[in-house]
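Here's the structure, in structure tokens; my notes come after.
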């Protein structure tokens, strides 16, 4: 399935180190031959860790990504209610207040604490109640298909991240003023559309500034920030549970807008993307700027660094899709990652959203899941260098499947909670490894497109989750049982992918094909 084309590939763009005339007159120690941009980054940046400040700023985008993805768990939650007349048997025996007189029941919290109670949607269909959440992920799906190639072609990593953050923050601020559920759903669609490329652009931008030694750890930094963003939600929601659900949107959107301004002034463009687009001089300038030695001085060797590119990936907006289709190995890899992304997306978003069906405390359970997310990110940070990608994905998916399905058959509340936490822990690890795996499977000129399609597959899985959770309120198997079968079945597709641990990252399709045939050292 993953065999490369048998035709002889064209020469890849090689990058050579060229000494200046003044250096040629004086005998100096011979510099290493830099065969590719990955060699250059490995030699100058990779040997002295990575540009920490830029990586941290870029990774902060994942905080707001997490908050937007899970805010509906609290803003759109089914609010608790109680009978105003305890001796009324007709009230105490029903699970929903729809058939009761308005005077016989009341909300536990203020009416404006949830979107459901604020707009009197407690008796509406599950489709209406889940519409804003589904609209958000539908926007993520649409935005991914439309915007995914722009980061590889016209805009670049930084500009795509800037536009996405700006669109997401502004539309989310406006969402706080929604007059009804229909306007709210439309604004959530726009928010999802803007958010669609934030995760992929920031992860690719951060890792492309780093050498092979720190690639996995840099990716794990993004996951850690995502986990903190996830953890911040139940904390904010708990302390604002008596106030309007609209305030929660303002609390996460205004900081995101400020972050966009910081990003514009403090983070450079990816030197890899600049190179493959033909902006060699600017790429060299950025490499000089972020390639500092450990004592803080510029490495003198960078002054004489120049790249001679025989070929670059200057292509049209959607040419990357054509290139992927023409290379069958790239197409099948992408299809496999889409299947993996869908399975991870269903379980990853479904478990926190459906935790209420297990009969446990919502705030406490989500906090457990958020702590598990942090633990998973730390495990990736410290162990990704030793983990085989293929094996890790399969094992994590199988553990998640078994634990998720067991939640349906176990009756003890504490045991079900423990199994849900373990299932979510395995799902998070599988999802994190899949994203790193995706970056390593494709060259620079297709990397962000592949990452975006994988994340859109995750978004597609998230689109169907609210319907499963609504069905799971009546029959538990349709939530956690289905989650387990989906992630388990999709995880097996990882067996068709090649292993990428400790492999170099290539810049063009030709270089990728040569490297995987053994002509370039890995």
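Cβ coordinates come from backbone N, Cα and C, glycine included.
The feature domain 'Major facilitator superfamily (MFS) profile' is assigned by TrEMBL to 54-502. Residues or ranges marked as region 'Disordered' by TrEMBL: 1-31. Sequence annotations record features per position, and here TrEMBL assigns transmembrane segment to 159-177, 218-236, 248-267, 330-350, 362-384, 418-438, 450-471, 477-497.
Only pairs six or more apart in sequence are counted, and the transmembrane segment (159-177) with the transmembrane segment (248-267) gives three or more Cβ pairs under 8 Å, enough to call it a contact.
Packing against the transmembrane segment (248-267) from elsewhere in the chain are residues 53-54, 57-58, 60-61, 64, 67-68, 71, 74-75, 158, 161-162, 165-166, 168-170, 172-173, 175-176, 205, 233, 236-237, 240: each is 6 or more residues past its ends and has a CB under 8 Å from a CB in it. Long-range contacts of the transmembrane segment (450-471) within its own chain (CB-CB distance under 8 A, at least 6 residues past either end) are made by residues 69, 126-127, 129-130, 133-134, 137-138, 140-141, 144-145, 147-149, 151, 192, 196-197, 199-200, 203-204, 324, 333-334, 337-346, 348-350, 353-354, 357, 431, 434-435, 438-439, 441-442, 478-479, 482-483, 486. Counting only same-chain residues 6+ beyond the ends of the transmembrane segment (218-236), those with a CB under 8 A from a CB of the stretch are 50, 55-56, 58-67, 70-71, 73-74, 199, 202-203, 206-207, 209-210, 248, 251-252, 363, 366-367, 369-371, 373-374, 376-378, 380-381, 384, 428, 432, 435-436, 439. A Cβ distance under 8 Å defines the sequence-distant neighbours of the transmembrane segment (362-384), meaning residues of its chain 6+ beyond its ends; these are 70, 73, 77, 216-217, 219-221, 223-224, 226-228, 230-231, 233-235, 237-238, 351-352, 355-356, 417, 420-421, 424-425, 428-429, 432-433, 436. Regional average pLDDT for the domain 'Major facilitator superfamily (MFS) profile' (54-502) in the model is 82.
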